[in-house]
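J.: Here it is, the structure, as structure tokens.
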């Protein structure tokens, strides 16, 4: 009879499942007993649903459970067959002849999965050995980063900072509170406050040989002003335990606002500029001295960079071509070269070495705003962007970067160490990371409740001539920080 044949097939299927030593053994009688027990339990429970509806739901769920049980059993069988095939493949590395259709299909799938895994491993290996270096890669760095001094006194965020190139060595900061300050590196005391601008002070740079500072402002001007400072007697520095750069441990639960102060006391001020440079029709976001200090370049939100003569304060050249606002400008330390960065995702290299020819090269290596591009002592340019990448370029062949650093946050105004050739990356996420010129991550500055920045880090600046602090950072937590960075030579050679 058809019914009897169907029952026989069901019994054979059940016996086949038992042959695999399954731990789940249920018969029709046990299922009926279980259903009856569950119905009795349902009758004793309070519910707004009619009993007939609840019974139908229980039957449906029981059917679903049985289907899942069958799928589970089949899955176990397939796993055993896969294990058997893997054992045979491991033994002789050959396909089997005479295997049934199911096993053949499994072998095909297993072979395809093995091929995919092999290809994935190859791709991963190639990526790890390419020039593109991920900042998420773990390092074995034991570089030591020591917080030496905090420079607190501004009433608003600090956009930029710089260190003098001649004696006396002082630290300069430019702030959104409309002022620029000069600090004693050793004591952290404010030596002078410049208050000649009517808008946010966006950058500060020092003359290569004289005691003059160049500041750019949101009042659409750049100022050149002279300063005279007397360094105080250095005081013993508190013994701050050396912290491995990779650690980020909370040392205190103090509120961040506890460290905010109103400003320095008894700090002399200067309110009149020696020279005022006016030509821009928008915010002047950055300025720098050309080699020799006889000319300066300014970058503005009016999409132009201007070249001025310092002695006459006349406009020499207006460098136009960017499609959007400029974000930064930088000059070469030994040659008459200027690089400008813009929100149009490009940076431009301007060559003034030949007085009769002023060439310009446009570089399109980023996908978002180029926040800064700086020269190194050699023939390299390093650019940072809001696209969370930093790229190292060779001036002799700038068609493509020689190294790319990928990070997890937008990069602000970067700086490159002259002696150690280390790139300091200030981030929007309050972190500061150090990389070498090949793109290998060396360290991350420690950040906790007790030390480090508590807001966006806007800028970094190196100073190898100072023994106590060789790296400075500033941010929108209204403070600048001096660090002592000790990178083992072995790490730099990697």
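Glycine residues also receive a Cβ, built from the backbone N, Cα and C atoms like all the rest.
All TrEMBL annotations are machine predictions without curation.
A quick note: this is a predicted structure, and the numbers were derived from the prediction, not measured.
Annotations for this protein, taken from TrEMBL, read as follows:
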{"type": "COMPBIAS", "residues": "21-30", "note": "compositional bias 'Polar residues'"}
{"type": "COMPBIAS", "residues": "31-40", "note": "compositional bias 'Basic and acidic residues'"}
{"type": "REGION", "residues": "1-40", "note": "region 'Disordered'"}
{"type": "REPEAT", "residues": "151-193", "note": "repeat 'WD'"}
{"type": "REPEAT", "residues": "194-225", "note": "repeat 'WD'"}
{"type": "REPEAT", "residues": "277-318", "note": "repeat 'WD'"}
{"type": "REPEAT", "residues": "319-360", "note": "repeat 'WD'"}
{"type": "REPEAT", "residues": "363-403", "note": "repeat 'WD'"}
J.: Excluding the flanking five residues on each side, which residues at least 6 beyond the ends of the repeat 'WD' (194-225) place their CB within less than 8 Å of a CB in that stretch?
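T.: Residues 156, 159-166, 172-182, 269-278, 280-289, 291-293, 296, 298-300, 308, 310 contact the repeat 'WD' (194-225) from elsewhere in the chain.
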J.: Would you mind listing the long-range same-chain contacts of the repeat 'WD' (363-403), meaning Cβ under 8 Å and 6+ residues beyond its ends?
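T.: Distant Cβ neighbours of the repeat 'WD' (363-403) are 131-133, 327-328, 330-334, 337, 339-343, 345-349, 409-416, 418, 421, 423, 425, 435, 437-439.
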J.: Short question: which residues 6 or more past the ends of the repeat 'WD' (319-360) have a Cβ under 8 Å from it?
T.: 282, 285-291, 297-307, 366-375, 377, 381, 383, 385, 387, 395, 398, 413
J.: When secondary structure is assigned with DSSP, how many helix, strand and coil residues does the repeat 'WD' (151-193) contain?
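T.: So the counts come to 0 helix, 23 strand, 20 coil.
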